[in-house]
Structure formats: C-alpha cells, structure tokens
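Remarks on the structure that follows.
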C-alpha cells in the first residue's frame with residue numbers, strides 16, 4: 001500500500017473498477033459481464049474449432065479468422081475474469097508484478113490484433129484484385145509468416161510499452177480508476193513528470209494503429225476501384241459482402257483503441273475511460289465472431305455442421 005510520506009513506494013495497486021457502485025448494481029454487472037464473457041468465449045471457441053477442423057474452410061481468410069478469434073480469447077481472458085472476481089469480493093488489490101504482466105499481455109495481444117486486421121485486409125485485396133494468382137500470393141507458408149509477424153511485433157511492442165510505463169518509481173496514489181491496469185492511467189501515478197512516457201506511448205499508438213490502418217485503407221481503396229469497375233451489380237454486391245464483416249470489426253476495434261491511447265489525457269476521466277475500455281476488452285471480442293457468423297454463409301454452414309456432429313456424437317454415446 002502507498003504511504004503518505006514523500007519517500008514511500010507503491011508495492012501494489014488498487015483497481016477501483018466498479019467498487020463505488022451499489023451492491024445490487026455490482027450484482028447486475030457481474031451477471032451481465034459473465035454472460036458476455038461466456039458468449040464471447042463460446043463463439044470464439046467455436047470459430048477456432050471449425051476454422052481449424054472443417055476442411056471446407058481451408059482458405060487464408062478463415063486461417064486468419066481462426067487466429068483472430070484466438071487473439072480475442074487471450075485478450076478477454078487477460079482482463080475480464082479479474083474484473084468478475086473484483087465485482088464479488090472487497091479486496092481489489094493487484095501486485096506490482098501482476099499489473100505489469102497484465103499490461104504486457106493487453107499490449108502484446110492488442111498490437112498483434114491490429115497488425116492481423118491489416119493482413120486480413122491485404123488478403124481480401126489479393127483475393128478480389130488478383131484472383132488468378134491468389135493461391136501463390138497467399139500461400140500457406142506466407143499466411144503462417146504473416147501471423148507470426150503479428151505476434152512477434154505485438155510481443156516486442158509490449159516490452160517497450162511496459163518499460164515506458166514502469167521505468168520510474170511509484171510513490172503517489174495507488175488507485176487505478178479502471179477495472180484493469182491501463183498504461184496512461186498507471187503512468188500518471190508514477191513519481192516525477194509522466195509526460196515523456198505519455199508522449200512515447202502516444203507516438204507508439206500512432207505508429208501501431210495508423211500504420212496498419214494505412215494498409216487497410218489502401219487495400220480497400222483498390223478493392224473499391226475493382227468493384228466499381230465491374231459491370232454486374234450482383235457481382236459487386238457479392239464481392240463487397242465478403243469485406244463487410246472485416247470492415248465492421250476494424251471500425252469497432254480502432255474506434256475504441258484510438259480513443260483510449262491517442263486522445264490527450266486531459267479529455268479522459270473514469271466516466272469516459274471505462275465505457276471505451278469495456279468496448280475493446282469485451283464488446284469487440286464478443287461481436288467479432290457474431291459479425292463474421294451472421295454475415296458469412298460459409299461460416300454459418302460450418303457452424304451448423306459442427307453442431308450436427310456434436311449432436312450425433314452425443315446421441316451415439318447415450
């Protein structure tokens with residue numbers, strides 16, 4: 001705990017989260033977030049299973065989708081179970097090492113997802129604009145390298161951001177006004193001037209968020225030009241429908257991430273941070289599989305086949 005003396009040092013943090021809410025409100029939030037977390041885990045788990053086992057879903061798009069769902073599972077598991085525990089117990093303390101580890105995983109997985117979304121946009125560009133050479137451009141070996149690149153840069157970037165967040169001692173208030181260790185909030189609790197670390201994280205967010213966004217915009221600009229150049233309106237609609245799911249996911253993810261890490265801290269506050277933190281930590285991972293499932297006939301067909309196989313195996317075991 002933090003001491004009030006000038007030479008005191010923080011050895012643990014307190015996640016304020018929703019502790020100021022009434023017991024009935026916390027009980028309602030617990031039930032709601034548990035339901036959302038369970039739905040997100042079930043849907044993403046199903047997508048991982050069918051994209052990695054269904055032979056009809058062996059295209060690069062579904063290979064990337066399976067890894068996107070795996071990233072979503074890692075992302076929500078890093079923050080939401082802890083929040084659920086804190087909604088039912090009074091002890092909201094988190095050790096220094098636990099806070100550092102959680103922040104590293106959030107950064108690493110979040111950055112990997114940003115990069116993976118950009119590679120998924122490039123995959124759609126290759127499929128639509130270069131259909132004859134698509135198999136060579138997006139071979140299995142290339143897809144594995146792209147996914148590995150996303151993970152590599154995500155985990156390396158996590159080390160940098162963790163260092164910038166925890167490079168100085170902490171001797172101020174140890175209350176974090178959120179339900180997980182979010183870097184900009186933690187930095188403001190450190191001793192000395194936190195502006196350098198905040199500027200580095202802001203610059204990193206520009207590179208990490210905007211660089212993949214540039215690739216996404218370029219890919220879809222070329223896709224749009226290709227679609228508009230086609231004479232058949234039905235063909236244009238069918239082609240664009242394959243991109244609509246990915247575009248929706250990109251908008252959800254980037255809107256919340258940009259607000260959290262690219263806005264001046266003077267515009268932030270607990271009432272603004274928490275809703276956007278909830279958006280990209282649980283709502284977006286939950287919506288991703290739903291968006292892809294309901295807008296994609298092949299995914300719906302694969303899910304139906306998977307459920308049928310499960311029902312048949314249960315019936316045979318009875």
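Backbone N, Cα and C atoms are what each Cβ position is placed from, and that goes for glycine too.
Here is what TrEMBL records for this protein:
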DOMAIN    43-292  domain 'G-protein coupled receptors family 1 profile'
TRANSMEM  27-50  transmembrane segment
TRANSMEM  62-89  transmembrane segment
TRANSMEM  101-122  transmembrane segment
TRANSMEM  142-160  transmembrane segment
TRANSMEM  196-218  transmembrane segment
TRANSMEM  239-257  transmembrane segment
TRANSMEM  277-295  transmembrane segment
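Summarising model confidence by region, the domain 'G-protein coupled receptors family 1 profile' (43-292) averages a pLDDT of 82. Same-chain residues lying 6 or more positions outside the transmembrane segment (62-89) and placing a CB less than 8 Å from one of its CB atoms are 15, 17-19, 26-27, 29-30, 33-34, 37, 40-41, 44-45, 47-48, 51-52, 102, 105-106, 109-110, 112-113, 116-117, 119-120, 123, 140, 143, 146-147, 150, 179-180, 249, 281-282, 284-286, 288-289, 292, 298. The recorded stretches the transmembrane segment (277-295) and the transmembrane segment (27-50) share 3+ CB pairs below 8 A when only pairs 6 or more apart in sequence are counted, and are therefore in contact. Panel annotation: around the transmembrane segment (142-160), residues 60, 63-64, 67, 103-105, 107-113, 115-116, 119, 204, 208 of the same chain, lying at least six beyond its termini, place a Cβ under 8 Å from a Cβ of the stretch.
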